[in-house]
Every structure is written in structure tokens, then in C-alpha cells.
Amino acid sequence: MVLQWYPGHMNKAKNQVQERLKVVDIVLEIVDARLPYSSRNPILEQIINQKKHIIILNKADLADPKLTNDWILNYKQEGTASIESDAKHNKLAKLNSLIRSELADKIDKYERNGVKNYQIKAMCVGIPNVGKSTILNKMVGKNVAVTGNKPGVTKNQNWLKTNYGIDLLDTPGILWPKITDPKVGMKLALSGAIKDKIYPPDDVAIFALNFLQTNYLDRIMSVYDLDKSDVNNHTTAELLMNLTKKFGYKEDYDRAARRVIMDVRNLKFGRITFDIPGEFYEE
Ligand code: GDP
């Protein structure tokens, strides 16, 4: 269980999102493109009902581009539209067309019935840190103080005009990550989605080294200047110990662990995606 979430908070957050869902035409679910599975909360799927829904794979600038494409195809096969985004650096013009194409039936109906000045209403939803506020600000075109960006904060519903003729709820819906699978917890910790103090850094670093050896072996070998014997005949814990010496940190394994984690976050190994489509997660 993630420490900052308690059943009371979760319920409140769920109710708040559910309440707000009633007044929107479309839900923009923001996920971290490095974690298109682990940064989602399955509860949203349950409460979203028949509502139109787009998944925004944000922070795509940090994710493996091939896997981002694979995830977009994967969601499409499941019947959900999705789009990649780098809200920190780019505009969201493609998102506007996607919202309009997802709502084409509704927009057609308005236009057939001669309704002028109709408003499309949308809201952002996602777990903490995926970029909800950044996307909201980008859509609105200026910095608005995203208030109530805490679970369970009740507030009146205010609409923000966006650059795209779409009205956006000023308070994003916040859900919690689901961490029943320890791998999901490790991935959230590694990406910085949850607080560093939740898991011991050596556990997260060992998970990272293992993941890199399995999925990005050439990158870890070149970045840490390893040869085959460094990776073949050792456990990942031994690899961390050897790296500690290599970094000149004597026996400060925690320091080496924190460095490995920061190297992942700072793209030392390039753009990495931690969730692979089709990977089996259920226990
Ligand atoms: P929220 O908790 O979901 O509202 O997340 P924020 O909008 O506060 O973003 C969390 C952090 O991620 C901030 O440091 C943002 O600058 C950063 N961020 C948001 N979107 C992107 C993105 O597309 N790419 C990158 N690299 N960073 C992003």
C-alpha cells in the first residue's frame, strides 16, 4: 500500500471523480508513458462507464518511442483511443483533433440540430505526478493555479476555457496507483511517481539493474563500462556491490543505489519504458 493513501482518502477521491464525471463529455486519463500499465488505476475503468475516454501517454519524451507506439496499438485493440504527449515541451494540438473525433457523434448531433456555441466539456484524471497540472496549463494556454490538487479536496466546479474551444474542469481528478504487484511499486518508485522514502533505494536500484540487464543490456554495459563477466556470473545484488566500488563509493551501497536510480531518471540509459504490453501482471 502506498503510504499517503488511506481507504478514507481513496473513497473520497473516487467519489469526487465519480461526481465530476457526470458533468463532462470526455475524460482525459493521463498516464506516464514510461508506465502505461503501472500508472493507471483500474478503478477509473469501473467508474467511467459509458463515458468517452482518451488515454494521454504523457512524458513520452522520457519513454522508449517503439514501446509508446506498441502501447497505443495495444489500447486501440482494447477499444480505447490514446495519444502520446510531451506536455512539458510541446503543444497539444493533436489532442484537440482526437477529442473532436472521439466526440464526432455528439458534435454532429449539435450541428444537425442547429445548436450554436455548444461547449465540449472535459476533465483530466490520473495518479499524482503524471502531468495533469502541466497538461491543464498547456490546454488553457497560461499558468493557472491548479487548486485542490490533493485527494479528497472538495471544491466548486469551475470551468476553464482552453485554446481549443473545449471547456476543462479546473480541478483534475486524482486517483491512486494500484500496488498489489511489487513490480508495479518498484516501477513507480524508479520513475519518481511515488516518494523515494517508500522503498529502500537498494531494492529499487536492484530492480532497475535487473530490468536494464533484461531489456536494455547493451545500454547498461556501455554506460557503466561493464564486460560480459560483470553481468554473466553475478547476481544483480553483486552487480550493485561492484558498481559501488567502481563509482568510488567504498561500501556506501545506498549512495550507489541512489545514483543508479538517478541515472535512470536522467536518461543516462536513454528513453526507457518499464511496462511492456502483454506482460503478465495478475498474481
Ligand atoms: P500532476 O501531479 O499530475 O499534476 O503532475 P504535474 O503536472 O505537477 O507534473 C509533475 C512533474 O512532471 C513536473 O515536474 C512536470 O514539469 C513534469 N512533467 C509534466 N509533463 C511532462 C512531460 O511531458 N515530460 C517531462 N519530461 N516532464 C513532464
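Note: Cβ is positioned from N, Cα and C throughout, glycine not excepted.
Note that this is a predicted model, so its numbers are computed, not measured.
With Asn58, Lys59, Ala60, Asp61, Asn129, Val130, Gly131, Lys132, Ser133, Thr134 listed by TrEMBL as binding GTP, the candidate from Gly8, Gly79, Gly165, Gly173 annotated for that site turns out to be Gly173. Averaged over the domain 'CP-type G' (14-177), the predicted model has a pLDDT of 88. Around Ala60 (GTP binding site), the C-beta neighbours below 8 angstroms that are at least 6 residues distant in the chain are Ala33, Thr68, Glu84, Ser85, Asp86. Put simply, the two farthest-apart Cα atoms among Asn58, Lys59, Ala60, Asp61, Asn129, Val130, Gly131, Lys132, Ser133, Thr134, Gly173, the recorded binders of GTP, are 24 Å from each other.
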